[in-house]
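**Student:** As listed in TrEMBL for this protein:
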type	residues	note
BINDING	H6, H8, E98, D207	divalent metal cation 1 binding site
BINDING	H134, H157	divalent metal cation 2 binding site
Amino acid sequence: MFTDSHCHLTYLKLDNHDRNPELLLGAMKDANVSRAMAIMCHYDEFDDIKAWVDRSDDKLNIGMSVGLHPCQDADVLAGVTVEKLLSYDHDKLWALGETGLDYHWDDTKKTAQKHSFATHIHASQTLKKPIIVHTRAAYHDTLDLLTAERCEHGIIHCFTEDYAFAKRSLDLGMYVSFSGIISFNKSESLREVAKKLPLDRILIETDSPYLAPVPKRGRENEPTYVPYVAEVLARIYGKTAEQIGQITSHNFQTLLNEYR
């Protein structure tokens, strides 16, 4: 029923599950999480993410993205590398990223980040895969690059920007994904933005192991907590959490189908 559209499974310590991946997978099924996308931030993670993907079964479908986080060394990125990774299994490689722009920690590498971002977008368009966009302290540059490169298929992940940013993203053809941040007490303005967005263009995610939602704040986040994000959106849209789960899962599948 629920789809976690963005999680970093290889970063989980799994202390809540005796450090046993199979116990987490069982807990995900118990929480009605039937699909999750494991996100790559660096190419060294490929084999570990693939191991998670290979644990998929008929009750839990795990796919992956391939790409390079904007805070990683952009010099290692090349379109041919992405193509090589994509040769693994077309049905399980769902997207490219996470990519994007992040000036929060270091704003001295803007040119390299923009080049990396543009390279991901070009690969996305060539290989017919949606793109996963990370943006932090790079509001205008992110929108300008998405627009200039005519990026039409992808996800603005862990959305925290204003309505104007959301509207421009939707106009391009992107989807907006909400994380546990939307449940935080300080996130009233973000909830106000969500109220204005069409239901058929939103997604939900955990961004595990980060940003655990209320009432799990302070713990390691994990995909089993994505229903808590759905509960917040359910209150906003006047739906049940289960309905939000079904709608966002449908939206995720629609995004994947747009390039098939």
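Heads up, the Cβ atoms here are built off N, Cα and C, so glycines get one too.
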**Student:** Given H157 (divalent metal cation 2 binding site) and H6 (divalent metal cation 1 binding site), what distance in Å do their CA atoms have, once rounded to a whole number?
**Tutor:** 7
**Student:** Within 8 Å of the centroid of the Cβ atoms of H6, H8, E98, D207, which other residues of that chain place their own Cβ, given that this set defines the recorded divalent metal cation 1 site?
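**Tutor:** My list of surrounding residues reads C7, I39, C41, I132, H134, H157, C158, E205, T206, S208, Y210.
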**Student:** At the level of the C-alpha atoms, what whole-angstrom distance separates D207 (divalent metal cation 1 binding site) and H134 (divalent metal cation 2 binding site)?
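**Tutor:** Between the Cα atoms of D207 (divalent metal cation 1 binding site) and H134 (divalent metal cation 2 binding site), the distance comes to 11 Å.
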**Student:** Between the Cα atoms of H8 (divalent metal cation 1 binding site) and H134 (divalent metal cation 2 binding site), find the distance and write it as a whole number of Å.
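**Tutor:** Between the alpha carbons of H8 (divalent metal cation 1 binding site) and H134 (divalent metal cation 2 binding site) there are 14 Å.
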**Student:** Which residue, of the binding-site residues H8, H157, has its CB surrounded by the fewest other CB atoms within 10 A?
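**Tutor:** Counting other Cβ atoms within 10 Å of each of the binding-site residues H8, H157, the minimum falls on H8.
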**Student:** Do you know offhand how many angstrom separate H134 (divalent metal cation 2 binding site) and H6 (divalent metal cation 1 binding site) by C-alpha?
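**Tutor:** For H134 (divalent metal cation 2 binding site) versus H6 (divalent metal cation 1 binding site), the Cα atoms are 11 Å apart.
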